[in-house]
Amino acid sequence: GGINALQHRSDPCGLNGSTRGSRGYSSCGPRTLLSQLCELLAARPLQGLVYEDERPLPLASGPLAPMLEFVSAQTGLPIVAVGGGAGLGRVPQETGSIFLQFSSSTALQLEVIFEVLEEYDWTAFSVVSTRHHGYQDFLSVVEGLTDGSFIGWEKKSIVMLNLTDDPGGARTRRLLKENEAQVRLLYCSQEEAEQVFHAAWAAGQASASHIWFAVGPALSELGLTGLPTRLFAVRPQGWRDEPRRRIARGVSILTHGAVALRKDYGSFILILSGSLPSQQTVSALFSLLCRYFSNITLGGRDYSFNYEGYLANPFLDVISYTPGSGWEDVGWWENGVLRLRYPAWSRYSPFLQPPDDAQHLRVVTLEERPFVIVELADPASGTCIRDSVPCRRPLNARLEGVAPMKQCCKGFCIDILKRLARIVGFTYDLYLVTNGKHGKKIDGVWNGMVGEVVYKRADMAIGSLTINEERSEVVDFSVPFVETGISVMVSRSNGTVSPSAFLEPYSPAVWVMMFVMCLTVVAVTVFIFEFFSPVGYNRSLQSGKKAGGSKFTIGKSIWLLWALVFNNSVPVENPKGTTSKIMVLVWAFFAVIFLASYTANLAAFMIQEEYIDTVSGLSDKKFQHPTEEYPPLKFGTVPNGSTEKNIRSNYPDMHQYMIKYNQKSVEDAISHLKTGKLDALIYDAAVLNYMARKDEGCKVMTIGSGKVFATTGYGIALIKNSRWKRPLDLALLQLVGDDEIEMLERLWLSGICHNDKIEVMSSKLDIDNMAGVFYMLLVAMGLSLLVFAWEHLVYWRLRHCMSKMGQSGKLDFLLAFSRVRERIIISH
């Protein structure tokens, strides 16, 4: 350790100082350091002092922090400890002291460590401590963090070591060996830590199956030898910096506070002469300096200190020691949020089995609800909730020098993975695929989850991965754990029928035959029979009888037949000829049959049926020849999956047609179904059934109450001839036999929406249901206006022409079509 008071001769602020190098342990105890401080204070005025603790003091020298705090309290001198290690082992801040530390407090270190333990469900631990200065505070903080917590911490034991009375270490080895917990929190001095680790190796408690967390001064210096295989600690950010760089940062902080104080109060208050100031002066300086050191920003980073003398918003690193690799960062803590680098931590299972490489698997998965749901970590704590596991992006996809961001995965397949890991006994590193989706062979190269397994970037792939023949040629599949296939999703009807629904009981050809041909032909036939009948209209005229007898025209014939069709009791004029009457009777019988058939079918067609709901399979005409229907059916799928592969192989024309309607995701497809941009989605049955059950408003459904075509299943993909296939098959069969798969299906795959469309209910018909009839009335009104205009044109413009033609006797038959002829005859 050493005192460093830097002199800046060209400093515009007028801060004075000098540099004094570090001294050896043999001559640099607290008393020696105190003498050095007194010499400095007597020789020159100082505005602050920087202490760099590159190497901690020996245990026999005692803690240094109380002595530095005493000096600060007595002189009003700000002191900054800039070591990159743990704290200096201090007591509560002495009144009037301005002793500041870059290191983190024991309480904060424990807070970070317990967040790490919570992250990986390591709830069982033990405490190993000596009676080093501050151990009571350490035990008190542990007690406060565990008691009353909803996490359910299990503190196995508190092992108190007395190394002074155990020179051979026999009792220490025995106590460590009797400790059942695999996670140990160690608090002691650095010298004691060397002895504890030596005893742990001798007792077999320092191997990969035991994890140690060093707290407080136990690892003040990281260069110790004989460290456990799995050792973790918490350090302030910048712990790798050179001592001179840390000293310069401390001087900058003192300069910042001094400049701000001088700006407000002048230079006189900054100078401390060789004589010690009075207690009243120190108290005044303390209140002022605390205010100026509580809000410091350097280079965009907050260096403000709290009332305890620690950084108010520290940036901490979680570091790990691995034999052969040394110390490395595995996480960081800032603004109260813990973030861990991956895959460094995922090698350790919640059950802390030794991370044997032979039992550790790289598992790839793909986000697809509800089988795998990906969420960001809790923003408040930075951890995954208890039913999810950490997952990451693939290693080869991260940027150089940037660790992949932590995400959390949960869902049906994740729960199965956790159960398989427990039954079979393996640890895993879970990551999300980014190269493709499930897996597709393009130009002879596999992508997606299947590609990760084929090219041995992953040992296992789990998710909504369908078993098919092409994939089975390159990977091994486990027994299926979910039955699936291909299904079709459509938008659910809201009960509104089309405007032309009232015309749908008959085809357009029937309507044309009825009103264009049948009605016209029969009307003309009836009129002709009546015209040539002995008692009919024309015979009356030719016999010389007065006009005013029978006035049966072709218009009246059409009116009569129209009235009979729709059973309207309107004034009509019946024909007098026998033949005409027989023809009208036959027409009346035909009208009864026509009207009864229309009425019987109308109710069915006013209840909207799904056009696609009657498909028999992918070979149905609606899919194979969509352009023959009007309007053409718009259907698609989500590419790069087994569904598209099945369609492409067996129905190439259908596949070519649906390419323009393919969707990026199931969520996009459902949105397009609801807006009418898509009529049907062909995709994996298990996914579609889930999405239909969970849809907001239950506006989509799968046809045939979840009808499945090309039935298959989901399986776990493994490397060809993998030794894990049989254990996984047996474990999956065990889960099926224990009904755990069924329980997970009820948990993840059920929903509130049902495909059953048959509902016993009645409601009033609204304007949407009857719109077609009203449209017909509007059209009729428009046609009536055209006829009205034609009548006036005939009467006012063509009357005289027709009068001349009538006088020549050429229109006897033609004039029978209208009563206009009668009026002309009467007028002449």
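Placed from the backbone N, Cα and C atoms, the Cβ positions cover glycine too.
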Candidate from Asp415, Asp429, Asp684 that TrEMBL assigns to the same L-glutamate site as Thr466, Arg471, Ser642, Thr643:
Asp684
Could you identify, going by TrEMBL, the member of Cys698, Cys801 that forms a disulphide bond with Cys753?
Cys698
Helix, strand or coil at Asp684 (L-glutamate binding site) [DSSP, three-state]:
strand
Nonlocal residues around Val615 (site 'Crucial to convey clamshell closure to channel opening'), in sequence order (Cβ under 8 Å, 6 or more apart):
Val488, Lys622, Phe623, Ile703
Output field, L-glutamate shell: CB within 8 Å of site CB centroid, site Thr466, Arg471, Ser642, Thr643, Asp684 dropped:
His438, Leu465, Ile467, Asn468, Thr484, Gly641, Lys645, Asn646, Thr712
Rounded to a whole number, how many Å is the Cα of Thr466 (L-glutamate binding site) away from the Cα of Cys698 (disulfide bond)?
26
Fewest other Cβ within 10 angstroms of its own Cβ, chosen from the recorded positions Arg471, Arg648:
Arg648
Just counting, how many other CB atoms are there within 10 A of the CB of Asp684 (L-glutamate binding site)?
27
Could you tell me the C-alpha distance between Arg648 (site 'Interaction with the cone snail toxin Con-ikot-ikot') and Asp684 (L-glutamate binding site) in angstrom, no decimals?
15
Using C-alpha atoms only, work out the spacing between Thr643 (L-glutamate binding site) and Cys698 (disulfide bond) and round it to an integer in Å.
24
According to DSSP, does Thr466 (L-glutamate binding site) sit in a helix, a strand, or coil?
strand
